[in-house]
């Protein structure tokens, strides 16, 4: 090839450019590692369409997709945590609170809403796991009690979505006290005969699983949710035995009778609406009440006349 041909060949080379793909359009499943379209995943309520893995979801997103659109009122939103003990581990507690509030845009780890589900009045609460592992502390307990009080005042059911690592160690005994506090509040729901439905999501551990999460009239879990008091790694190190496959997962607990149902997240709203309509003896909007009709057959009518005639003759 001559020098002139080399120049001509170089001039014909076209420059290629990388396509500018905006960030956040694609994401990867934590379980199957498949690349997923972000918008499709959001439409599926953060459930992987490939392997059905239920990813973690924020408390407000959960309540927004669960309750009817429109009039919802937040309860206890003004309550904020305080560092009464001046607790410090590797970091000051007040600094941990500030960092969690900045990350999640929430004041604490529980969000409570008053609204409707398929037209039925309900009070719903959801844990925010991104806020210090959804740990239960004074404000969480106070907001949960506020939810119970509102349900009692409105004479309506209470629903709670749990996702927590347990009691918050930075508040010591005050966080442990919330176990008794929330349990006592739920006893009032039972006295009034109002339904309390507990939905356990991944993970529900520690003091939350040992109190409000397991006290539902109906205990429901999402698929493959980790539910228990101590984690499987801690148990294995303590008993020095290999735990069975799927130990502490929702399927394992259902087989052992520890929970009542496993419901996929996309089906949760319709399932709970159906359950509450039966528990509260309300018909869902758009459904016709069942009317039992009895039509007497001619033979039955004749038999009744014959029986009454015989009685008169006697």
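Every residue, even glycine, has its Cβ placed from backbone N, Cα and C.
Within the set 29-51, 52-74, the record from Swiss-Prot flags 29-51 under the feature zinc finger. Counting other Cβ atoms within 10 Å of each Cβ, the lowest count among the binding-site residues 29, 32, 48 belongs to 32.
The C-beta environment of residue 51 (Zn(2+) binding site), restricted to residues of the same chain at least 6 apart in sequence and closer than 8 Å, consists of 29, 31, 32, 34. What surrounds the Zn(2+) site, by Cβ distance within 8 Å of the Cβ centroid and not counting 29, 32, 48, 51, is the set 30, 31, 33, 34, 36, 49, 50, 52, 53 from the same chain.
On the 0 to 100 pLDDT scale, the model's mean across the zinc finger (29-51) is 94.
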